[in-house]
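What TrEMBL says about this protein:
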BINDING   SER63, ASN113, GLU157, ASN164, TYR188, TYR239, VAL257  substrate binding site
DOMAIN    323-389  domain 'STAS'
Amino acid sequence: MRTPIPDYLTQVLDECGGDDGEVADYIAELAQADPDRLAIAVATLDGVVATAGDADVAFSIQSISKPFTYALAIADQGLDAVVEKIDVEPSGDAFNEISLERGSGRPRNPMINAGAIAAHALVAGPGSDERFERVRSFYSRLAGRELDVDEAVFESELGTADRNMAIAYMLRTVGILEGAPPDVVRGYTRQCAVSVTVRDLARMAAVLAGQGRAPDGEQLLEPQVARQVLSVMATCGMYDAAGDWLTTVGIPAKSGVAGGLIGVLPGQVGIAVFSPRLDRHGNSARGVRVFERLSRDMGLHLMEVSDVARSVVRRVERGGSRVAVHEVAGDLRFVEAERVLRSLEEEPEGEAPVVLDLERVHRVNDVARRMLLEGVRRLHLDGHDVRLVDPSAVLGGGDGQGPDAGGGYVPEVFEDAAAAVGE
Ligand code: GLN
């Protein structure tokens, strides 16, 4: 069988056509782009990339570089130091607006140029050349191949970078920028001129989707950094169209003036689309339509909840002495763990054994684990002998030993419920 996914992607491109919008021309080299190019790539967390259209056509990354440089700045300086210099509030302005916070002079967020220029300067140096090289090699690791600068785009943008230069000087006067503005703008402009394909961008987006982990298992970003970046993309990634985007598409995203657009579905996929004609907000016109379509077809909207908590626990009595067994099934998060605690709460105080059967549980998140252990501890305080059935050690512990439930109480662990009730 051939997987139907590329066919589906081709169909989406075919149906999201149109020639509305204009190619960016404030950077002379970008005006040369073929406006009809159209491509899409979807990358899974384990490194498989499905594509359709002009997936091997290269274009400059432009503002899609911003979330990745922001991530690197946080990795280098720590979140607090970065937030002290760059706020995380949507500006509602255009990408190149000189909007600094009253008083502190902080750029509103790292997705507009002011914040992105400040973020570039926060990447560890020591000099501006080393800083740019660090940025380029970081993007390369995210993409899984060496990326390079499109020198023509770089020269072309640097020649007319007056507005970004003005922003950098402003940032320097308010103490946000420490380096020399021309050096920082040069580095930032080179960052925007890194040449990519949708395949590269989808892979880069997939690392953000996978809590910072590359398909080969290497942790390229701390999960908390990936979370910070995605949060800012969700609220500020589409400039003054951010609210509209979050309600209709509902995927953290970032666009660039060369026509690229990435979307990250946390825990699932990274998506990239390329189509050079831009709408009035500076976002790829067809790119936006493709994302609207994908979101609708595949139920990708973040606020659309796919797995509402289901009943996951039932109490039965087993064995000759009718031992209470609480059988739990499914993945456990806060809501499911709350149900389990409610079930355990039914046990009257006393010395009767209580079995907590987790054989059909595959994953327990941290809060659920702590909740269950606290339940075990309280049952023990009530006088019960608590027996865990936890063959895969989802609650922790190991080597036939349960985890410490608190106060040094370690419940006995059994391979299955029959052994726990002594059948
Ligand atoms: N390099 C571009 C600029 O600074 C990036 C803008 C964008 O892609 N929105 O103007």
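Start at 1 and count along the chain as shown; that gives each residue its number.
Using the three backbone atoms N, Cα and C, a Cβ is placed for every residue, glycine included.
Features recorded in TrEMBL, as mapped to the structure shown.
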residue	record	DSSP class
SER63	substrate binding site	helix
ASN113	substrate binding site	helix
GLU157	substrate binding site	helix
ASN164	substrate binding site	helix
TYR188	substrate binding site	helix
TYR239	substrate binding site	helix
VAL257	substrate binding site	coil
ASN164 (substrate binding site) CB neighbourhood, other CB atoms within 10 A: 24
Within the domain 'STAS' (323-389), residues counted as helix, strand or coil by DSSP: 28 helix, 22 strand, 17 coil
Per-region confidence, the domain 'STAS' (323-389) (mean pLDDT, whole number): 94
Fewest other Cβ within 10 angstroms of its own Cβ, chosen from the binding-site residues TYR188, TYR239: TYR239
